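To start, the structure itself, in structure tokens.
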Amino acid sequence: MCWPLLYPLVLGLSISLAEGIQTPSIYDDVESTRGSHEGPLGPTVELKEPKSSDKPNPRGYPGKFCANDSDTLELPASSQALLLGWVPTRLVPALYGLVVAVGLPANGLALWVLATRVPRLPSTILLMNLAVADLLLALVLPPRLAYHLRGQRWPFGEAACRVATAALYGHMYGSVLLLAAVSLDRYLALVHPLRARALRGQRLTTGLCLVAWLSAATLALPLTLHRQTFRLAGSDRMLCHDALPLTEQTSHWRPAFICLAVLGCFVPLLAMGLCYGATLRALAANGQRYSHALRLTALVLFSAVASFTPSNVLLVLHYSNPSPEAWGNLYGAYVPSLALSTLNSCVDPFIYYYVSHEFREKVRAMLCRQPEASSSSQASREAGSRGTAICSSTLL
């Protein structure tokens, strides 16, 4: 599971090493002194002399406006080769299609069961919000899927591009923040069970959910305030978010995406690591009694780190070195890594909900239209476990 998720990071580094000093400097007026030739990833041009190397490497494919046309961007040949290759036009839509096909029914059914068949405990509210975030993420992907399948042609207009891009990032990072909130709730329940009786209430749970949603909305807000669609020079392609003017890269996109990666991913993952680390120590201290819960907790932590770390590391690397030649076209590796990150919304239902035998029984009872009384004994047992440190399901 780890290798496919780390592949975009390895791809980004290989792109940089393969291009070396032959990568066209996207900030300079490139003059060819020896002509062009085919490189490992497409046409490359040998540079005569870069005029400057002190500008930051941008987040997306950076383009220059065509003369007397503010709607059209020119991209270097190497960037166009990555933008129109098989990865963004075949692999990425396949991953998005998998998220829609699996994430919609899995999260929709889980949300239905949580809302109708599970006692309304504080942990239930957190898991319901997580299911909503993952469900909404799957719902906003079809426009992006159509865009990539059409060969990077956005047919829905500027406003739809802004909303779709902001919704993609907002719901994905909202899921990360809610995962951190769930880890805090489980830490209190398992490590401090007596104190949890006073702390784990509706007020704390509601506050955590509000903070997660408001933070995600704030982090995604810049994506709705600036233009995102531009025509690719020499083609009929209307790009959505994949190519942005050079003049806008450092002014607002750089700080916006640095904040998105740090506050929306690295800080929540750090909180999850601390909470689940303490939880794992508490479970390990009890020996084999809670071995299943121990393995499940480790799986939850590994899934979050493996899903979100590669794409956000690539995002930060874009700004880590002021020299454009340092990392090359890392955005070509970032696009598939972002698609891999969305797969977490398919994994969440199975490691948080369906892994529980009690939850599967509730799903079966609902699908078979069994009366609610058939699962009342299980509901009473779950409600009675509110003050315990461990219960057999994931619904703490």
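Using N, Cα and C of the backbone, Cβ positions are placed for all residues, glycine too.
Residues annotated as signal peptide in Swiss-Prot: 1-16.
Residues annotated as region 'Disordered' in Swiss-Prot: 28-62.
The feature compositional bias 'Basic and acidic residues' is assigned by Swiss-Prot to 46-57.
Annotation source Swiss-Prot lists topological domain 'Extracellular' at 60-94 (among others).
Annotation source Swiss-Prot lists N-linked glycosylation site at ASN68, citing sequence analysis.
According to Swiss-Prot, the transmembrane segment annotation covers 95-115 (among others), on the basis of sequence analysis.
Helix first, then strand, then coil: DSSP counts for the topological domain 'Cytoplasmic' (116-120) stand at 1 helix, 0 strand, 4 coil. Swiss-Prot lists 116-120 (among others) with the feature topological domain 'Cytoplasmic', giving sequence analysis as the kind of evidence.
What Swiss-Prot lists as transmembrane segment is 121-141 (among others), and the listing cites sequence analysis. Long-range neighbours of the transmembrane segment (121-141) within the same chain, counting only residues 6 or more positions beyond its ends whose Cβ lies under 8 Å from a Cβ of the stretch, are 96, 99-100, 103-104, 107-108, 110-111, 114-115, 164, 167-168, 171-172, 174-175, 178-179, 181-182, 185-186, 189, 200-202, 204-206, 208-209, 212-213, 342, 344-345, 348-349, 352-353, 382-383, 386, 395-396.
Annotation source Swiss-Prot lists topological domain 'Extracellular' at 142-162 (among others), citing sequence analysis. Helix, strand and coil content of the topological domain 'Extracellular' (142-162), in residues and according to DSSP, is 13 helix, 0 strand, 8 coil.
What Swiss-Prot records for CYS161-CYS240 is disulfide bond, and it gives sequence analysis as the kind of evidence. Under 8 Å, Cβ to Cβ, and six or more positions away along its own chain, CYS161 (disulfide bond) finds TRP154, GLN228, THR229, CYS240, HIS241.
Taken from Swiss-Prot, the feature transmembrane segment covers 163-183 (among others), and the record attributes it to sequence analysis. Tertiary proximity for the transmembrane segment (163-183) is limited to same-chain residues at least six positions away from its ends with a CB under 8 Å from its CB atoms, namely 123, 126-127, 129-130, 133-134, 136-137, 140-141, 143-144, 156, 208-209, 211-213, 215-217, 219-221, 223-224, 228, 240-241, 260, 264-265, 268-269, 271-272, 275-276, 279, 300-301, 304, 308, 341-342, 344-345, 348, 352.
Per Swiss-Prot, the feature topological domain 'Cytoplasmic' maps to 184-203 (among others); the stated evidence is sequence analysis.
Marked as transmembrane segment by Swiss-Prot on the basis of sequence analysis: 204-224 (among others). The list of residues near the transmembrane segment (204-224) in space but at least 6 beyond its ends in sequence, with Cβ under 8 angstroms from a Cβ of it, reads 122-123, 125-126, 129, 162-163, 165-167, 169-171, 173-174, 177-178, 180-181, 184-185, 241, 252-253, 256, 259-260, 263-264.
Swiss-Prot lists 225-255 (among others) with the feature topological domain 'Extracellular'. Shown for the topological domain 'Extracellular' (225-255): DSSP residue counts in helix, strand and coil, namely 10 helix, 10 strand, 11 coil.
Per Swiss-Prot, the feature transmembrane segment maps to 256-276 (among others).
For 277-295 (among others), the entry in Swiss-Prot reads topological domain 'Cytoplasmic'.
Tallying C-beta pairs under 8 angstroms between the transmembrane segment (296-316) and each of 95-115, 256-276, 332-355 places 332-355 first.
CYS240 (disulfide bond) is surrounded by 25 other CB atoms, counting those within 10 A of its CB over all protein chains shown. Under 8 Å from some Cβ of the topological domain 'Extracellular' (142-162) lie the Cβ atoms of residues 83-84, 88-89, 92-93, 96-97, 100, 168, 223-224, 227-229, 232, 236-242, all in the same chain and six or more residues away from its ends.
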